[in-house]
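Undergrad: One structure follows; several queries about it will come next.
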Amino acid sequence: MDGGNQSTVSEFVLLGLGHSWSIQFLLFVIFLLLYLIIVSGNIVIVTLIITDPHLHSPMYFFLANLSFVDMWLSSVTTPKMISDFLRENKTISFAGCMCQIFFAHFIAASEMVLLVSMAYDRYVAICKPLHYSSIMSLQRCTGLVVSSWTAGFVHAMSHLAVIVQLPFCGPRDIDSFFCDMPLVIKLTCMDSYNLDMLMNVDCGFVAVTCFILLLISYTYILLSVLQSSRTGASKALSTCSAHVTVVVIFFVPCIFIYVWPLNITSLDKFLAVFYSVFTPLLNPAIYTLRNKEIKKALKRFRSYYVGSQEKV
């Protein structure tokens, strides 16, 4: 069928995570608190890295950008999900649905490429320490971050350009808490199997390519660490283990949603919640709890803030 002007659906209905009022109110309280923690936690990390001169290095430059991306990754879908817990009619406009799809893929793809940039930074720091300052210059770090945003934008636009022109004439129920691309494609007035496969291959290519690059980077790092001194190896492994943990909790849900879909509704919902809520929540916790420099910066920030308050 020809798309574009044949779409008659002006809004979609999100079925959400629960049906009973008591469960939805409980989820409202839980996810509201989690979202506030996500936003405040990532803002604290970004603020510390910007204001503390001790953290003005490439690694923390990338970490600040990761926290910024995580904050927006959660903000694409979580506020709508929270507000819908208190609504009987959980609807979203066609334009709003398309915006969710665009920004979800834009930010997720940007984070994937950013994680690769962070792995590259650790590879240079551990495997080529003498050339680290010259290789990881401010210009190169900025270029890597801009590249991550550019790659995410191109990836998201490639999806939006296709989906926005598809014919939607009913049904309009989406069995999730946000407009997930595979679920929206299934609502088109056409045989969506080939298109669904094509979109999943596109997402899978980005996710698998970034994941392979990450595996290669950390394999080189591991081999280099095994040949270094025990003190240096311990410090390097401590830093990289935090990065690897973040990579795993970010990529595993993506792989099961887009690369290797299981078509189990309850599991898809759990993975979507984990991907959009718990990943942005765990990232600042992992880096804060395992990073001594962040802890020291937080203490310095508290001391400065308390001292300023006492003077006032």
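Glycine too: its Cβ is placed from the backbone N, Cα and C atoms.
Not my notes, these are from TrEMBL:
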type: DOMAIN; residues: 41-287; note: domain 'G-protein coupled receptors family 1 profile'
type: TRANSMEM; residues: 25-50; note: transmembrane segment
type: TRANSMEM; residues: 57-73; note: transmembrane segment
type: TRANSMEM; residues: 93-120; note: transmembrane segment
type: TRANSMEM; residues: 141-168; note: transmembrane segment
type: TRANSMEM; residues: 204-225; note: transmembrane segment
type: TRANSMEM; residues: 237-260; note: transmembrane segment
type: TRANSMEM; residues: 272-290; note: transmembrane segment
Undergrad: To the transmembrane segment (141-168), which of 25-50, 57-73, 93-120, 204-225, 272-290 is linked by the most Cβ pairs under 8 Å?
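TA: Maximum Cβ contact count belongs to 93-120.
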Undergrad: Mind looking up the mean pLDDT for the domain 'G-protein coupled receptors family 1 profile' (41-287) in the predicted model?
TA: 85
Undergrad: Given a Cβ distance threshold of under 8 angstroms, which distant residues of the chain, six or more beyond its ends, lie next to the transmembrane segment (272-290)?
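TA: Same-chain contacts beyond the ends: 17, 31, 34-35, 37-38, 41-42, 44-45, 63, 66-67, 70-71, 73-74, 76-78, 104, 176-178, 180, 238, 241-242, 245-246, 249-250, 253-254, 257, 298.
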Undergrad: Who are the long-range neighbours of the transmembrane segment (57-73) in its own chain, taking Cβ under 8 Å and residues 6 or more past its ends?
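TA: For the transmembrane segment (57-73), the far contacts come to 38-39, 41-43, 45-46, 49-50, 103-104, 107-108, 110-111, 114-115, 117-118, 121-122, 125, 136, 141, 144-145, 148, 239, 246, 276, 279-280, 283-284, 287, 293.
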